[in-house]
Structure formats: C-alpha cells, structure tokens
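**Student:** So TrEMBL has the following annotated:
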type: SIGNAL; residues: 1-26; note: signal peptide
type: DOMAIN; residues: 32-110; note: domain 'Inhibitor I9'
type: DOMAIN; residues: 132-522; note: domain 'Peptidase S8/S53'
type: ACT_SITE; residues: Asp140; note: active site, charge relay system
type: ACT_SITE; residues: His176; note: active site, charge relay system
type: ACT_SITE; residues: Ser473; note: active site, charge relay system
type: DOMAIN; residues: 581-679; note: domain 'Subtilisin-like protease fibronectin type-III'
Amino acid sequence: MASLQNTFALSLFLMTLCGFFVGNLGQDRKDYIVYMGKLSDLSGYSPLDHHHNILQEVLEEGMQSEQSLIRSYGRSLNGFAAKLTEKERVKIARMEGIVSVFPSVTLELQTTRSWDFMEFGEHVNRVPTVESNTIIGVIDTGVWPELESFSDKSFGNFRGRHNERRSWSWNPYNIHGSRKSSESCELIQRFGRSNARGAVPRSRVAIYKACWLIGGCKSDALLAAFDDAISDGIDIISVSIAFKYAYDYTQDVIAIGAFHAMQHGILTSQAAGNNGPSLSSTTSIAPWIISVAASTIDRQFVDKVVLGDNTTLTGSAIINGFDLKGKMFPLIAGYQAVNLNSCSIEDGRKCVLGCLLADKIEGKIVLCENATIISAIEPLGAVGVIIAQQTPFFDHAINFPFPTSLVNLSQGERIISYLNTTKNPQATILKSEAPDITAPGVEIFAAWSPKALLSTIRGETRYAKYNIISGTSMACPHVSGAAAYVKTFHPHWSPSAIKSALMTTASHMNATRNSDREFAYGAGHLNPVKAIDPGLVYEAFEDDYVMMLCSIGLDPEKIKLITGNTSTNTCSPNYKGTTKDLNYPSMAVFIYGNDKKENTFSRTVTNVGLANSTYKATVTSPSELRIIVEPNVLSFKSLNEKQSFVVRVSVKTSPQQEVVSASLVWSDGVHNVRSPMVVHYKS
C-alpha cells in the first residue's frame, strides 16, 4: 500500500514538474514572422529544412523546432512564423539572410447595381474566352460555396495554366449570382428584385481563408495566403483587410506579399481602411498595391416616420424591413421613461442601457437622442425606435432587428415639439424604400453566409443568403473585378499598367463637394469601361520600386534579399533620388513656409492608344501654384512607344489651405489621361 502511495506521489511530482517545464517553454513566447525575402532558386534547396535549422540554432535548451514553428512559407516567397522569446527573436534578426523579424499581429476586416453606377452595364464589351480563364484570388474569411452566387453550373471544365501546376485545393466559382433569398430575409429579397452580378461574370474565384471568428486575421496566415495565391498563378489578388495604421514595408505582410505578387505579374487590390479621410489615415501605402476607398452616391435607403398629425419625416441609414402596416402606436421620448432612481434625464434622452422603465415604453415607439446603444429598447417591449442624431454613428445603411428609423436633430426637435403639444402622441415607422442604385462601397447587396446572423445587434434572430453591407471591404472587390476586366482585354499588361489605367481614367470628383479631396477619393471614381482604353499608361517595374526603397533608406542588403537580386550596385551611394521619382500616375509634394524652389517630377508614359497620336498637356491648378510641363506636347509614332516629360511645381503665393489640389491631363482628343496632384503646404 505504501508502495502504491509513493508511486502515486511520484507521478504527481513528475506531472507537476512536466507542467512546470511546459509552462516555461511557452512562457513569454510570442508569434513572430521571420521574413527572408525571395525564394532561393538553388537546386535542392528546402525552405522547411532551412527554417528548422535556423530555429534549432537559436531555441533555448529543451525546445524543439517543431514546437516553435507555426508555419513555413516556401511556395513563392521565403520565411516562416514561429513562437519565439525576445532573446531568440534578436538572435534570428542578426543572422545572415534575414530581412526582418516582426510580431504576427491581428489585422481588421474593412467592413445591386453598383456596377451600373460606374457606367458598367450588363452589355459592355467582353472577351468571354479570356474571362473564363481569369482568376481573382480573395484573401478573407472564406465563403459559403453552396450559395447560388458561387454556382458553377453553367461552367465547363477549367482550362488554363493554373491546373498545370498542381492539384488545386479550392474550387473555381462564378462571381455572379441571382438575388434569390430566403423567406427569413424578405426585406433583402424585396431590395434585390433584379439579378445581382459581378464585374467579370465568367471569371473564377479562388478563396484563401486567412481570418477566423476567434483570433481574427493573423498576419502570419495572411502571408501564407499570398504564398499560396502567387504559386497558384492567380491573376488578381483582392484583400479587404487592413492594419490599424501603416507599417514599415518590411513588417507589412500585405505589402510583402503584394511585392512578390508584383514580381509574378499579379496586381493586388487592398482596402485603404475605414479611417480618415485625413493625412496619414490610409493604411495601404505600398505603391505596388492599388489602394481602395469607398464612396457613396446621391441615393440612399430611406425610411419614413409618420406622426399622429400626419407629419411625415424622412430618415436614412437604417434598413427597416418591418411592416407596422401604417398602424399608429403611442410615442414617448426616452427622457419621459427614465428611471430617476439610478439615471439622469440626459441618460434617458440617450436611452442609456438600463435607464428606461419597461412599463413606460412597452408597446410604444421610443425617441432616443444622440443614442449610441439602442439594442436594449426592443427587449423591454418597445414597438420601435426613432433615433435623432446630429452626426450618425454610422454613415451607411444598418439592418436593425426591430422597427427603427434615423432622423436628424432638426427632425428630432419637430418630434419633441409634437410630443409636448399633443395629449396622446402617436407615430408609426414605415418600411424602408428600395434605392434606384447604390454605391460601390456603401450599401452593397452581397452574398451572405446562411449560418451568420444578419447583424450583431442584440435581439437579432434573422438569417439570410444575402445582406446589405458597406465599407472599403466592399469597395475593394469592385476594383479587383475592374482590374480583372482590364486584364481580360490586355492579358500581358503589367500590374502597374493596369493600376495606371484604372487611376488615370477615374471620374474626377467635385472638390467643392468633397472637401477632403484626394485624401477621401484618391484619383477619383472607378470607371472600368474607360480603363480598357486609357491611351497612355505610367509603368513601374521591380527595379523602379527597388530605387524607391533605396530612397527611403532601406538597408541595401535587405533589399537584395527581398528581390533576390544579388547585384552589387543596388542602392548606389551616389543615388540621390526621392520617392517622388517613382513613375507613378499621381504626384504629391510637401512645401514649407516661403520656400519658392521648384519641385520636379520626372515621368514616362507608354502609348497604348492610337499608334499615331499627339497628346497635349492641360494643367488645372489654383492661382497660388505655378506648374510647368516640359514638353507640353508628346507625339507618338507607334504603339508601346515611350515618351518622357518633366513637371515643375512651385508656390507663387502662400496658399490659404493646407492641402492644395491640381491636375495634369494629357489629351489626344480621344483619350484624357488625368493625373491628380497634391501640394501639402505648411506655413
């Protein structure tokens, strides 16, 4: 018996000791990405073996590389993700062949007839045979492939270079789909009576899951998705994911992945982020990526509030799918139902959680002023909610799980006046009215997982196959689709040529109506039809981007690792270039105080329009600026001919605004190639 007790005690001791060591192995370890640049082309090189060897050199005694390694990149770029201590991280960072070692952080998802709004109707010119072999790689949360939006019933067998490489781990699905939704989402079905469609209806979609409900979008998973997509031979990569703020290029996994994609002729489209618009608010800044903002138009989802005196108030930004059938219900303001034992009148006005008395609002419509949380209203028995808000806490349509309307403050004051002068105030909320058209980034009708609730608002119980959602995450796929459309006409164009075509043909936004100017809308509003025939394109290739990286002071040895170029003259000590020397379709410069010196931009354009053509330069700028283009006429004799010019920018008188916009347009009478220009002025 004593022997058994001793054995049991020894077992407990060993278990405790084992737990202690395991705990120590995991103590202070964090997820890091070890980026090693371009994949080696040496015969017999094994990235995985190399990564294990690196780890074994630096790991603490007792720790195996298999325990540390999270994932290995080795299909189209070189690197790995591992759990490391700070000491181990420093050791690896000092090793030869390492570009950077940085934390694997969590990124954020940037959350119809939008194509018609961009003058891109169903009957535009197409190249069907090329479309069916065009593949857009989407890096995101994954899809629900059984949805009709992804049906491949009308597709034949896939033929293309991609299948020749390896067996695919995903199925190619059609982008387009009909707007058939379940009874559980009658509102969405009513808004989607016509057919929903994509930019390139016969193209294929490859889905790379890099985001999860728990854990979010880890950067090591994103880099793995790029590694796979590039190796699979995708044509366009779409990423509706962004950092909270901009990172250094050597620590931005999307910039890293997109650079390697560019090396393989693949353009990456990324959401610019939903912050801003203001200086430095864009998180997608790498010039080899096309960065996408979201826009609205002059049509919105509208809902109406009808008061007992027949006054009708028009609200917006709420999708109200509930039909009260015009029935009037008692109307009460939040402050009239507040529990004064625990809350203030102001809390009542805002309908603060836990501050309203259920017996006061049950069976009534409640008015909330400047509310931030209204999900507690419906469980208390209220019939509906009217929100009076000066600045909406959302700037796009939200699908609430109970009758709701959003009105402005002046309309809210009208409702309060009615409440104060009426003995038995009443109101009703009408169902939302469908818009004529919606915007490419706001209120977009899109496929939705039938296993996901329609909203995250408390009390939501509805499921559907489609939903109406907004943000740069919805704008990004529009640009990805447009880029794929351009590529079907010009399969051999470089990523920068496609990007240039989309930027220089964009519809110019009205600066008087868009005060944030280029910070809000970049080059302008996407116009895919014009982009297939831009006339001229600004191209930049790997060497151009390398010189740009040199100009920002990146270590030449690290640049060699990134590019795989072992040339000894990378970043020559005599190189005096700046970022503005990159052959980019737009131009920007900082000017301080009374500095009157000229800022020079050298640019080269390639003729992709008419073989024999002459382009003349037109500059539009405010009187405070002096902008000279030399030469101001470019004559071409053949296609793919290149011509160079210089733009000189200086300040004549101090601008009244910190940001001054201008533009350069090259025109041959058929094509108008527009480049936006921005001067940041600091007095």
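Cβ from N, Cα, C; glycine included.
Walk me through where these features lie, including what they touch and how far apart they are.
**Tutor:** Across the domain 'Inhibitor I9' (32-110), the prediction's mean pLDDT works out to 92.
The number of other Cβ atoms within 10 Å of the Cβ belonging to Asp140 (active site, charge relay system), over all protein chains shown, comes to 20.
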**Student:** Kindly report the helix/strand/coil residue split of the domain 'Inhibitor I9' (32-110) according to DSSP, in that order.
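**Tutor:** The composition, in the requested order, is 24 helix, 26 strand, 29 coil.
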**Student:** What is the number of residues in the domain 'Subtilisin-like protease fibronectin type-III' (581-679) that are helix, strand and coil, as DSSP sees it?
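**Tutor:** Secondary-structure composition of the domain 'Subtilisin-like protease fibronectin type-III' (581-679): 1 helix, 60 strand, 38 coil.
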